[in-house]
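Enquirer: Pasting a structure below so you can have a look.
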Amino acid sequence: FSFRKLWAFTGPGFLMSIAYLDPGNIESDLQSGAVAGFKLLWVLMLATIIGLLLQRLAARLGVVTGLHLAEVCNRQYQKVPRIILWLMVELAIIGSDMQEVIGSAIAINLLSVGKIPLWGGVLITIADTFVFLFLDKYGLRKLEAFFGFLITIMALTFGYEYITVKPSQEKLLKGLFIPYCQNCGTTQLEQAVGIVGAVIMPHNMYLHSALVKSRQVNRANKREVQEANKYFFIESCIALFVSFIINIFVVTVFAEAFFEKTNADVNGVCMNASSPHSSLFPNNNETLEVDIYKGGVVLGCYFGPAALYIWAIGILAAGQSSTMTGTYSGQFVMEGFLNLRWSRFARVLLTRSIAITPTLFVAIFQDVEHLTGMNDFLNVLMSLQLPFALIPILTFTSLPSVMKDFANGL
């Protein structure tokens, strides 16, 4: 084992792990904490472990074949299944990008104390495209370093919230290692399904299989391929462990502070704190419903304005990083399935426009306080899209004709 070699292979796994930290994930985390307390932490852990195994298969496919998943699908499937797979993964990318752009817009709205409306925030996030192109021009290593910086911001901001709230460690460990959900109903079940869809992103397998191609590996040398597979797997383990810890921060903060709280409880605290957002929570005994926006507001009411702004900075980092990886995914999928050889600028502009258009409509016609339903729907949609990524990746990695000596034998 060599740390120097691990450092040389470090990058693709952290870019891939951004999808485990996008605003859709954060929303799923805070809602599962608020509606089920610590009871769904084991679902988050299992989903992350399954996600790691699937990412390992995706990385192996890219390393061994020198092709990413979309390119292998293009070569192996007939026209009709190929088009169906392409449409499904595009749908997943659009759904994910909608959450990411809306998340960034909400963060901008919170940081500007409501002065920049939701649609204004969406327009600002279009600038992501140009940031992405600017960084990409200076090489992948610079881009990887930038993503590492954004992950660090998320770890620090959500870690701050965790330290401030001080969740019960006993309940945390019980929630992680005992698969139970006492007194759970439809709402909790929907959150559990949403966690799976939010964590295991279908398009992320396409992305990871393409990112590993950025490292030079002599595929004629079996030992070199084995070494690359080993280091990419170690890097993926580290990256997903970091993302898992950040997700735990968010779930436990909301489980400790806001589980079984009513609107009246929060309204009283916000009134006492002279919060301008007190009207968000009607003075009734209905159970509190939170999303990314309301989550920031209630943190601000309970733990001071610093908690609100630090939360918004974390969400902005999550949104900015994941929109760029979503753009990357769209680029690889279009290249692989459709054999399109466009300029990078044209490809990025098209994939970004496809996702931005429906998001802009949502932002213009929907109030910032009422986006919870859309995010829940998009997370469940991700779960429904999973088979369309799982079937190809499980099939190809078990075929000796594709993987040669590295077929997994399932």
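Residue numbering: from 1, along the chain as shown.
Backbone N, Cα and C define each Cβ position, glycine as well.
From TrEMBL, here are the annotated features:
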TRANSMEM  31-54  transmembrane segment
TRANSMEM  84-110  transmembrane segment
TRANSMEM  116-134  transmembrane segment
TRANSMEM  146-163  transmembrane segment
TRANSMEM  192-211  transmembrane segment
TRANSMEM  232-255  transmembrane segment
TRANSMEM  297-318  transmembrane segment
TRANSMEM  345-365  transmembrane segment
TRANSMEM  377-396  transmembrane segment
Enquirer: To the transmembrane segment (84-110), which of 146-163, 232-255, 297-318 is linked by the most Cβ pairs under 8 Å?
Expert: 297-318
Enquirer: With the transmembrane segment (31-54) as the reference, which stretch in 146-163, 192-211, 232-255, 297-318, 377-396 has the largest tally of C-beta pairs below 8 Å?
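Expert: It is 232-255 that shares the most Cβ pairs under 8 Å with the transmembrane segment (31-54).
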Enquirer: Count, for each of 146-163, 192-211, 377-396, the Cβ pairs lying under 8 Å from the transmembrane segment (232-255), and report the range with the highest count.
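Expert: Out of the listed stretches, 146-163 contacts the transmembrane segment (232-255) most.
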Enquirer: Determine which recorded stretch among 192-211, 297-318, 377-396 has the most C-beta pairs below 8 angstroms with the transmembrane segment (146-163).
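Expert: Most Cβ pairs under 8 Å with the transmembrane segment (146-163) come from 297-318.
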